[in-house]
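Chemist: Got a structure for you, written out below as structure tokens; questions coming shortly.
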Amino acid sequence: MELIRVLANLLILQLSYAQKSSELVFGGDECNINEHRSLVVLFNSNGFLCGGTLINQDWVVTAAHCDSNNFQLLFGVHSKKILNEDEQTRDPKEKFFCPNRKKDDEVDKDIMLIKLDSSVSNSEHIAPLSLPSSPPSVGSVCRIMGWGKTIPTKEIYPDVPHCANINILDHAVCRTAYSWRQVANTTLCAGILQGGRDTCHFDSGGPLICNGIFQGIVSWGGHPCGQPGEPGVYTKVFDYLDWIKSIIAGNKDATCPP
């Protein structure tokens with residue numbers, strides 16, 4: 001019954017959330033059912049909130065701006081309408097944010113580390129994603145995925161996650177595209193310069209995967225998504241490795257890069 005309630009909640013996508021900076025995969029195709037085993041759904045009583053990434057059996061990484069009251073995490077889901085037998089639901093036991101994060105900028109140091117209330121079991125549709133040992137290079141082909149909008153200007157959301165390939169771009173591209181705001185050095189600029197493929201509403205918090213490695217967290221981008229010359233901005237996981245490892249090791253006073 002619990003999973004039935006979960007799926008019912010996921011189908012109730014409140015339009016009020018569509019104005020947030022959360023994003024969805026536009027220009028992609030249905031993901032292979034086994035290629036997103038680390039992809040996590042964050043949801044509450046209002047419905048779908050964000051994506052996230054399982055990094056081990058007890059910890060999930062998502063975007064800080066995805067934080068909400070009383071959310072849960074769902075693992076192993078592919079279709080919102082058809083259950084996988086190995087789907088698992090967990091509550092957050094603890095949530096960790098960068099202590100030096102700017103409170104008036106929801107995408108500053110846009111990373112949240114979640115400790116689960118109990119361990120998740122690996123299964124056919126559930127497995128953690130490896131953290132990086134180095135950042136991706138410009139030109140790398142990376143994978144985005146999520147249940148976000150498939151048409152940027154309409155409230156149309158898929159029943160299954162969509163995936164697409166995009167490229168790591170020079171950081172100067174995003175600085176030029178978004179000259180009206182600061183684009184932090186601790187982010188990755190990624191997309192297709194001519195447009196047409198991008199993360200979009202409700203993809204926020206999900207992974208940017210390069211060569212099978214967890215390299216980025218969906219943070220923010222242009223509106224509508226997928227426009228030429230307006231790539232996505234992703235939190236660079238590599239820059240937060242020390243913070244992530246310190247928190248997991250029990251050092252709750254760990255600080256993030258400036």
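Backbone N, Cα and C define each Cβ position, glycine as well.
Predicted, not measured: the structure shown is a model, and the values here were computed from it.
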Chemist: Pick from Cys163, Cys174, Cys225: which one does Swiss-Prot say forms the disulfide with Cys200?
Modeler: Cys225
Chemist: Look at the disulfide annotations in Swiss-Prot and name the partner of Cys174 from this list: Cys142, Cys189.
Modeler: Cys189
Chemist: Of the listed cysteines Cys210, Cys256, which one does Swiss-Prot record as disulfide-linked to Cys98?
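Modeler: Looking through Cys210, Cys256, the record in Swiss-Prot gives Cys256 as the partner of Cys98.
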Chemist: For Cys256 (disulfide bond), which residues of its chain lie six or more apart in sequence with Cβ-Cβ distance below 8 Å?
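Modeler: Result: Cys98, Pro99, Asn100, Arg101, Lys109, Ile111, Tyr240, Trp243.
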Chemist: Measure from the CA atom of Cys50 (disulfide bond) to the CA atom of Cys200 (disulfide bond) and give the result in Å, rounded to a whole number.
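Modeler: Cys50 (disulfide bond) has its Cα 11 Å from the Cα of Cys200 (disulfide bond).
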Chemist: Using a 10 Å cut-off on CB atoms, tell me which of the recorded positions Asn185, Ser204 is the least crowded.
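Modeler: So among Asn185, Ser204, the recorded positions given, the one with the fewest Cβ atoms within 10 Å is Asn185.
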Chemist: Could you tell me the mean pLDDT over the domain 'Peptidase S1' (25-249), as a whole number?
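Modeler: Summarising the domain 'Peptidase S1' (25-249) by its mean pLDDT gives 95.
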